[in-house]
Amino acid sequence: MSVPTKRRLSFDESTNKRFLNGTHSTENNTSNIEVDEDYGSDGSEQIFDLPATTNNNQWQETITKVVNAVVSIQFTHVSNFDTETSLVSEATGFVVDATRGLILTNRHVVGPGPFCGYVVFDNHEEAVVKPIYRDPVHDFGFLQFDPKEVKYLQLTQLELKPDLAKVGTEIRVVGNDAGEKLSILAGFISRLDRNAPEYGSLTYNDFNTEYIQAAASASGGSSGSPVVNEDGDVVALQAGGSTEASTDFFLPIYRPLRALQCIQKKQPITRGDIQVEWQLKPYDECRRLGLTPEAEARARKLFPNKIGLLVAELVLPQGQADGLIKEGDTLISIDDIDISTFIKVDEILDENVGNELKFVIQRGGEVITQMIKIGDLHSITPDRYVDVGGASFNNLSYQVARCYCIPVKGVFINDASGSFEFASYEKSGWLLETVDDMPTPDLDTLIEVMKMIPDCRRVPITYRHVSDLHTENIQIIYIERHWQSSFRLAVRNDTTGLWDFTDLQEKPLPPLSHEPQNAKFIDIPFSDETRSGCSSLVRSFVQVRLIAPVPMDSYPYRKEICYGVVVDSVNGYVLVSRRFVPHDMCDIFLIFAESIDVPAKVVFLHPNQNYAILKYDPSLVLADVKTPKFGDKPLKRGEKSYFIGYNYNLRLVTDDVKISGVSSLNIPPASLSPRYRGTNLECILLDSKISVECDSGVLADDDGTVRAFWITYLGEATCDQGSDRMYRMGLDVTDVLSVIEKLKVNEIPKQLRLLEAEFTSVTILQGRTRGVSQEWINKFEEVCEDEIKFLAVERVSAPTLHQEKNPLKAGDIILSVNDIIVKNMRDLKPMFTEQELKFRIIRQKKETEIVVPTIDTTTINTSHVVFWSGAIIQAPHYAVRQLMERVPSEVYVTRKSAGGPAHQYGIATNSFITHVNDVETKDLVSLMKVVKDIPDNTYIKLRLMSFDNVPIAISLKTNYHYFPTSELKKKEGSDEWIEIEHK
């Protein structure tokens, strides 16, 4: 698959921005806004800090009137759609019809997709708003609120007077600049004829309109602000600006005024277009493109205040003007009306949708007349999308087609996730061409194709990126519709302001049964006969493919490919790193000899040694899969071994290696988002480049006896908080033999126990300083073979709400367990089988003996997940308790959806919900008992506790239409997950 390349940005594209104040769909982003909640709340007269001018009194009266009509818009785009991603943000709008509750703001605020929001008036009254119109091209839209919701403020409206925008006019931009409650920015209009700014590729851009330019230094949050003159009339709409100067761009309000009048008259807002992008070019450039002197003279006489004419910049293939108008053509007239501005073009086209009009152009000095049928802009503006397989699709929009000069047709992937996640770095911009060798020219066809594909089916697809249409990408994808069960059509409803959902298929077709298949392994060739025993070890490797669509236990990855080792080919068991298989809410496929794939499931997750056991049906694999011979003695420093494994390109690698060390260690925790990691490990280290190149493998003797598994551990870089790091080390076979022996008799080790503490190595000097006697030092010197050290308690895990805290304390030095000297992590093995252990320790320079209980690990893995208000909630998994002293509740927020109520109202990831409406929520059962009775669109009070035990109180408004409540739960006494939906 090729890497898509972006087209080079123009100067405008790289320096212009829209003035939202908020965040996009990246996880954990929240709006970084400081708002003075007490502003103007005392009812006293407001004082505005205005620049010194000769008419301050007039401006004072004007601003006093204007601020009552200006609102702060707090909104969220709840899902990806077309060019826009999910986000939570704020902007500005203003009332243009107080009777009907109409608010004018920017189109990029209203957004092309699902919108939820409310407005806050100057006196801090709040009203829910719904979108009723967003223009297909120009940067304006309308929201509507119920005027009855505003009880304490006398509603006022601002008048739209586009003709009053003149060069030199003094203006004020009244809005929420930089997220502040109210900002008033002063400036003067300097231009009326600027071409629309470009904000970049694959995002919304206005075009085919003039923009007004001024220097007002507005920033985030001011989008949608009214630009008013001294009399308080709105002359333009704030839309964007330059990041490298104080320049602001205002939208002329001729089209917003017409749209408002249509809404007031309950008439449709017709919008016409011929799929041509025009640019205003100065006369000198028009001459170079072929404008005749006679035509220039006539235009200058008709329009003495204009500096140029409209020139075709882009003509879309298969559009109304394709083949009739060409790039570089100068527009002279439409329907015998001379043209010099976009304003007149809009007026003519909007009133003639479906009609054929005469266009007169000049091309190379020649006058050409073309009859062109006016198209409907609304018909090429998508108002539907489909969710299926964890991804989202809509018909290709005019916005994207114009950006890349392609026909307005095809299926556009606005959220390439789930089954359709092609590249983690690019979630949007893909055009889907075929699925399972069936063409998908439009959304309706895609729906029918997806209905025919069974669940868990691998199918070929072809697709392209809009930035690299020369390259056709072909990929085999796995259609998963049981974890991500939604297959629905969303249709925009401008009456309710919501998007109406229709389920397209109750259940997918059942998975096809797997048949036994043949495969052949190619043994590793060796010229050295002494290593012939290693040749067949390739038959013990199997490729593991994991799909984990739900980010349970804070696991950051959704798709993984690695290699595992078959530890029992007769019963079908595979050992794999928990870096790649962190939990059992996933789909797993094993690929043998790069030829056949069979499904597998997780049957065992070791709580601390970083490996998982997978089970497959060996009868499906007609190949010579081999169970290797396992050694029974641990590897030691200095021993030579032979490495066989796979690098990050999934290629087989072999090398002679030497054991550089065997260390007692813990994988560094991810402090920002705790997730599973290996602890209390005895790890094998290599002095070889293999140690950084290979994720999976084995260390073997010359005769093929496997001495260690080479696996990957997920942790955090110790010098860079928040940065993932992969630690690649060896796990000695002797640490796994007890589990392998049980697997040979088809017994899954379910009754494993665990000591809830982490240990670290300390030197003899440190131990001596902290109170270890010479007698004990002598004992350690007698029994230690490689390195003389003590183990000390690094941290003790927080107990669950139903447990007593572990009596061990951080800093305790361990001398013996059950009267056996503890010289390394392996000496802690009794914790896996014993209910309690007798520890002899040094605490505060005193030797003492304590009894430490172990815990049953049968319930340590997550078995219940709640999806509520856009938050993924579960009991705090073990990695969380490892880093805490006390757990505030068993209701832990592990992740949140971008654009959901949890994101909008500030529920932090890694926080605990302790109360809902002042009712204590100790666990998920009590949480569900409370929230199931809370109506939709209702404010509730939440009390949270941060990961650092800082209490927080917030309010949240439910939104079950877009974010319904559901659960994933394991059946009682079973490993099967079931979905529970709450309507």
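Each Cβ is built from the backbone N, Cα and C atoms, and glycine gets one as well.
Straight from Swiss-Prot, the features:
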- HIS108: active site, charge relay system (ACT_SITE)
- ASP139: active site, charge relay system (ACT_SITE)
- SER222: active site, charge relay system (ACT_SITE)
- 22-33: compositional bias 'Polar residues' (COMPBIAS)
- 1-40: region 'Disordered' (REGION)
- 59-260: region 'Serine protease' (REGION)
Rounded to a whole number, how many Å is the Cα of ASP139 (active site, charge relay system) away from the Cα of SER222 (active site, charge relay system)?
14
Could you give the mean pLDDT over the region 'Serine protease' (59-260), rounded to a whole number?
92
State the Cα to Cα distance, in Å, between SER222 (active site, charge relay system) and HIS108 (active site, charge relay system), rounded to an integer.
12
Protein Cβ atoms within 10 Å of HIS108 (active site, charge relay system), excluding its own
28
Would you count the other C-beta atoms found within 10 angstroms of the C-beta of ASP139 (active site, charge relay system) for me?
32
Counting across all protein chains present, how many other Cβ atoms fall within 10 Å of the Cβ of SER222 (active site, charge relay system)?
31
